[in-house]
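Per TrEMBL, active site, proton donor is recorded for H135. Residues or ranges marked as N(1)-(5-phospho-beta-D-ribosyl)glycinamide binding site by TrEMBL: G38, S39, N40. What TrEMBL lists as (6R)-10-formyltetrahydrofolate binding site is R91, N133. Feature annotation from TrEMBL assigns domain 'Formyl transferase N-terminal' to 29-208. Annotated site 'Raises pKa of active site His' per TrEMBL: D171, in sequence order.
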Amino acid sequence: MTQLSANDTATHCLISPPGLHELPPPELRLGVLASGNGSNFSAILAAIAAGQLRAEVTVVVYNNPTAKVAERAAAAGIPAVLLDHRAYETRVAMDQAIVAVLRSHRVDWVIMAGWMRRVTQRLIDAFPQKILNIHPSLLPSFPGLAAVEQALTAGVKITGCTVHVVELEVDSGPIIMQAAVPVLPDDSAEKLQARIQIQEHRIFSLAIALAAQQAQKLAQQSESISIR
Ligand code: GRF
């Protein structure tokens, strides 16, 4: 019989620590970026309150002084910080300010819930693979503005919404979750948008939990490899 040395045993234990996948999902510190209404933000808060997402929204950043999301944050007792894009000379300067606010609230995941600004590498590098966006189409179809109108004009019979990891190009990046929504014969942009939003509110928190779990798993795997 081959004799195991103390070294072999130690290596074996480190590669496959017992109960690795039984760890509870991580408690997340979310920073929400929003430009308007904030119904997705409220849906995330509801999922947290219902115990469906182990997370806390530590700050909301908004760029438009009249955005309703600020009222929603105040009602929930969550700090909301206005960073008006018109006050910044460049997109990088704006993103630098956003990063500073997010860091000061010890955010680890950035959630774009109706954030109507292009991002720069400055923001992406500050939270690698940890910025999620929701878009009202089945990406890669209909990226950019007026996605619901684009879908109606194209005459597709099914559209929906997508949660994806944010990369530099608008509405690109690995897809975490999608929900399909049928286009009905008498649909207007408003009616279709309303049905898509119901699905957005359902999948965003699920996608956040899934992305965080995947990230946790990857981190554990690379930790055991580097220990080895
Ligand atoms: C959503 O439809 C989202 O897909 C898009 O902006 C909208 C934001 O809605 N990116 P709300 O502000 O969360 O109500």
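Glycine is no exception: its Cβ is also placed from the backbone N, Cα and C atoms.
Sequence features, as recorded in TrEMBL, placed on the structure.
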residue	record	Cβ within 10 Å
G38	N(1)-(5-phospho-beta-D-ribosyl)glycinamide binding site	24
S39	N(1)-(5-phospho-beta-D-ribosyl)glycinamide binding site	18
N40	N(1)-(5-phospho-beta-D-ribosyl)glycinamide binding site	24
R91	(6R)-10-formyltetrahydrofolate binding site	15
N133	(6R)-10-formyltetrahydrofolate binding site	25
H135	active site, proton donor	23
D171	site 'Raises pKa of active site His'	19
Request  = Round to a whole number and give the Cα-to-Cα distance in Å for the pair G38 (N(1)-(5-phospho-beta-D-ribosyl)glycinamide binding site) and N133 ((6R)-10-formyltetrahydrofolate binding site).
outcome  = 13
Ask   = From N40, N133, D171, which recorded positions have a C-beta atom under 6 Å away from some atom of ligand 1?
value = N40
Remark   = For N(1)-(5-phospho-beta-D-ribosyl)glycinamide, residues beyond G38, S39, N40 with C-beta within 8 angstroms of the site's Cβ centre include exactly A34, G36, N37, F41, S42, A43, V69, R72, A113, G114, H201
Request  = Based on Cα distances to R91 ((6R)-10-formyltetrahydrofolate binding site), point out the closest of the recorded positions N40, H135, D171.
outcome  = D171
By Cα-Cα distance, the member of binding-site residues S39, N40, N133 nearest D171 (site 'Raises pKa of active site His') = N133
Request  = For N40 (N(1)-(5-phospho-beta-D-ribosyl)glycinamide binding site) and N133 ((6R)-10-formyltetrahydrofolate binding site), determine the Cα separation and express it in whole Å.
outcome  = 11
Task = To the nearest whole angstrom, state the Cα distance for the pair N133 ((6R)-10-formyltetrahydrofolate binding site) and S39 (N(1)-(5-phospho-beta-D-ribosyl)glycinamide binding site).
result = 14
